[in-house]
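Colleague: The structure that follows is given in the form of structure tokens.
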Amino acid sequence: MTADKEKKRSSSELRKEKSRDAARCRRSKETEVFYELAHELPLPHSVSSHLDKASIMRLAISFLRTHKLLSSVCSENESEAEADQQMDNLYLKALEGFIAVVTQDGDMIFLSENISKFMGLTQVELTGHSIFDFTHPCDHEEIRENLTLKTGSGFGKKNKDRSTERDFFMRMKCTVTNRGRTVNLKSATWKVLHCTGQVRVYNNCPPHSSLCGYKEPLLSCLIIMCEPIQHPSHMDIPLDSKTFLSRHSMDMKFTYCDDRILELVGYHPEELLGRSAYEFYHALDSENMTKSHQNLCTKGQVVSGQYRMLAKHGGYVWLETQGTVVYNPRNLQPQCIMCVNYVLSEIEKNDVVVSMDQTESCSSHTLMAMNSIFDTSDDVALSEKSNYLFTNLKEEPEDLAQLAPTPGDAIISLDFGSQNFDESSTYGKAILPPGQPWATELRSHSAQSESRSLPAFTVPQAGSPGNATPSATSSSSCSTPSSPEDYYSSLENHLKIEVIEKLFAMDTEAKDQCSTQTDFNELDLETLAPYIPMDGEDFQLSPICPEEPLVPESPQPNPQHCFSTMSSIFQPLTPGASQGTFFLDKYPQQLESRKTESEHWPMSTIFFDAGSKGSLPPCCGQASTPLSSMGGRSNTPWPPDPPLHLGPTKWSVGNQSAEPLGPLPLGTSQLEPPSTPPHVSMFKMRSAKDFGARGPYMMSPAMIALSNKLKLKRQLDYEEPAFQDTSGGDPPGTSSSHLMWKRMKSLMGGTCPLMPDKTVSASMAPDEFTQKSMRGLGQPLRHLPPSQPPSTRSPGENAKSGFPPQCYASPFQDYSPPGAQKGSGVASRLLGPSFEPYLLPELTRYDCEVNVPEPGSSTLLQGRDLLRALDQAT
């Protein structure tokens with residue numbers, strides 16, 4: 001039994017050994033056959049000896065198909081010479097790409113050996129493989145369209161022959177880096193290849209062989225040359241003189257251009273910036289350039305075909321452009337387009353104009369010829385040049401538009417000669433004599449006469465040196481014409497340039513002491529920052545404007561000045577200026593004389609010394625001129641001011657130095673400007689600083705708001721009796737003036753310029769201080785009888801103030817308050833009855849500074865800033 005088992009094992013092992021030997025023999029024979037086949041391939045021995053069987057079969061099949069293609073394409077009689085064999089090696093070196101042959105199924109049956117130079121992949125690695133394994137998936141559809149004969153965009157005959165020309169772009173895997181290194185296929189990047197070639201059709205079998213009458217279908221393959229597009233940043237070879245660089249935005253607008261375009265095409269680089277490249281393409285090439293732009297945005301690189309770019313002076317040049325999209329390294333978003341433009345020809349057909357830009361360029365040559373006419377350096381007679389210019393302008397009338405001067409240019413008269421033109425008698429009537437100056441020169445020397453000849457918009461208003469009362473009419477140092485005809489002179493029909501310049505000119509600085517005339521016409525009161533009170537009560541801005549006509553007293557108009565800056569409306573008002581102009585404008589019938597009287601009233605001159613010592617000039621303005629905000633055009637007038645009475649009114653500190661606001665009844669005695677008592681001279685400097693029109697400090701917005709509130713309350717107080725007659729009752733100063741002084745003390749505190757210094761004796765004459773307060777508060781003088789000045793004042797002392805006597809009237813006589821009031825002190829003043837039905841908010845300087853507008857702006861504290869400022873104040 002054991003022997004039989006051993007025999008069976010030996011026989012099975014022998015059969016296995018024989019089978020293994022047979023398989024080994026077959027494999028060795030196959031290997032020999034494959035190696036023999038590999039040696040038959042047109043490959044170096046070092047390459048073919050390391051090929052596997054699959055690669056050998058793949059390469060052999062590709063070789064056979066390529067040979068069949070060549071045999072069908074080339075004729076049998078053609079014999080390859082030795083010279084042609086030598087040239088084959090030079091072809092690959094000269095080409096800037098590689099050659100590929102792709103079947104209609106997508107198999108690459110042939111690739112030139114220089115493909116490794118551009119793509120990093122060798123010829124053996126790619127030959128026999130499908131092209132779809134190494135190209136971008138987004139390009140597969142386009143590749144299939146170009147592999148077949150059904151579709152294609154070429155130059156074949158329409159409706160007769162199918163187009164076989166191919167020109168497209170595809171992205172293929174590249175394993176070579178910019179530095180020349182070769183990476184793995186998994187780390188390969190995409191490189192754009194410009195593929196140009198044609199589709200060739202050939203028979204699978206030779207023509208003489210037939211298989212029982214059966215004909216195999218025709219085979220087709222695509223023979224293309226693939227050229228990679230070099231990145232502009234990787235160019236090592238310098239550009240020649242026929243090449244220029246340009247940079248564009250993504251919509252092909254020029255952002256940079258090389259200077260060489262000036263010599264090649266004629267454009268200056270500055271002329272192209274911001275303009276689209278499509279403006280310079282020939283109309284016949286616009287479709288191809290649009291397609292190239294689409295490929296550029298899709299694939300990142302493109303090479304345009306040969307196209308025509310319009311030259312500047314007519315004609316065109318042939319160009320070819322390589323475009324590359326530059327991406328932002330941070331977010332990988334397209335940033336710009338870099339173009340390398342190769343000029344392929346000189347300017348062709350430079351006499352053909354196909355663009356409007358070229359017409360402008362051509363007209364520039366004519367203009368250059370025109371400019372040479374005015375060149376006096378040539379020896380050619382001026383008449384000949386004029387004749388030449390006249391001929392050119394007659395042939396090309398459109399060139400006259402190029403000669404039109406721009407505003408500010410010097411106007412050069414064209415002299416065409418007298419033989420070509422007859423002087424018209426129409427223009428001879430308005431020509432000035434040779435020795436007589438032009439009307440513009442006459443106007444420059446006679447500005448005073450113009451102001452009288454054109455008085456329609458001119459409202460002369462003369463004021464004192466401290467006069468800063470806002471005016472509702474526009475007044476300037478120059479006259480403003482009232483109609484369009486006034487802008488022209490009577491002698492010629494030219495514009496009055498000086499009048500127009502003065503019309504739009506504004507003085508930025510005051511030229512003299514009478515230049516602080518403000519103008520509400522040029523102001524937008526809504527943009528002015530209002531005062532925000534601390535107690536929540538709002539004060540509206542009320543305009544102050546003259547309504548009744550004024551009677552000019554001085555025959556010579558004083559120089560006027562327009563309102564210069566917006567912030568000057570907050571300038572402090574001087575005594576006799578804040579309400580003085582208003583008083584003079586509203587009640588001019590009491591201002592018929594300006595004689596200085598020897599009688600004066602016992603009032604402090606701290607309300608007058610801030611201004612000039614000279615007499616007040618008359619106000620010669622037309623008070624009925626309406627307020628205008630449309631460049632001097634008359635529109636809605638302001639309402640007239642109601643008459644004022646000394647009733648329970650709300651006084652503004654900013655008007656303490658103002659003029660009396662009440663009208664003087666007929667028969668009222670004239671007033672005298674007061675003199676300065678010795679014990680109140682210490683307040684002159686402070687009053688002048690706080691209330692002077694030329695002072696450095698501006699009035700607080702609170703004062704302006706309170707002054708405007710006074711205007712609103714006049715209407716309410718109009719029906720109330722103002723004062724009882726002094727002949728039938730107690731003097732009004734015995735009670736009201738003292739209470740008003742208490743009110744002023746509670747309002748101003750220590751910051752009021754009217755507050756007496758603590759060092760001053762309490763037994764000082766209260767009538768002087770009270771009358772000073774009443775004088776500053778602008779009490780009306782309507783219902784007051786004339787009063788006689790005290791005998792304690794000397795005429796010489798009172799003559800120091802040179803103000804017109806008829807402009808001022810004191811409603812009080814010389815008196816002294818009761819002793820109980822004088823000795824009660826501050827407590828009794830605070831606890832005493834109020835002169836008014838309600839109290840004004842007591843504002844500190846810090847509260848006013850919080851809400852005062854910033855210089856040069858109208859921004860107020862709002863929101864958190866206002867709350868923060870209020871917290872700091874508390």
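In case you wondered, yes, glycine gets a Cβ from its N, Cα and C as well.
I grabbed these lines from Swiss-Prot:
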- 624-636: compositional bias 'Polar residues' (COMPBIAS)
- 14-67: domain 'bHLH' (DOMAIN)
- 230-300: domain 'PAS 2' (DOMAIN)
- 304-347: domain 'PAC' (DOMAIN)
- Thr844: phosphothreonine (MOD_RES)
- Asn851: (3S)-3-hydroxyasparagine (MOD_RES)
- 1-23: region 'Disordered' (REGION)
- 26-53: region 'DNA-binding' (REGION)
- 171-192: region 'Required for heterodimer formation with ARNT' (REGION)
- 440-487: region 'Disordered' (REGION)
- 495-541: region 'NTAD' (REGION)
- 624-677: region 'Disordered' (REGION)
- 777-824: region 'Disordered' (REGION)
- 834-874: region 'CTAD' (REGION)
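What's the neighbourhood like for each of these?
Modeller: The list of residues near the domain 'PAC' (304-347) in space but at least 6 beyond its ends in sequence, with Cβ under 8 angstroms from a Cβ of it, reads 167, 229-232, 235, 239, 242-250, 252, 255, 264-267, 271, 280-282, 284-285, 288-289, 292, 296-297, 353-355, 357-358, 361-362, 365.
Residue counts for the region 'Disordered' (1-23) under DSSP, split into helix (H, G, I), strand (E, B) and coil, are 22 helix, 0 strand, 1 coil.
The predicted model assigns the region 'DNA-binding' (26-53) a mean pLDDT of 86.
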Colleague: Going by DSSP, how much of the region 'Required for heterodimer formation with ARNT' (171-192) is helix, how much is strand and how much is coil, in residues?
Modeller: 3 helix, 10 strand, 9 coil
Colleague: Determine which residues of the chain contact the region 'DNA-binding' (26-53) at the Cβ level, with the cut-off under 8 Å and only residues 6 or more beyond its ends counted.
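Modeller: Same-chain contacts beyond the ends: 59-60, 63, 124.
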Colleague: With DSSP, how much of the region 'DNA-binding' (26-53) is helix, how much strand and how much coil, in residues?
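Modeller: So the region 'DNA-binding' (26-53) is made up of 20 helix, 0 strand, 8 coil.
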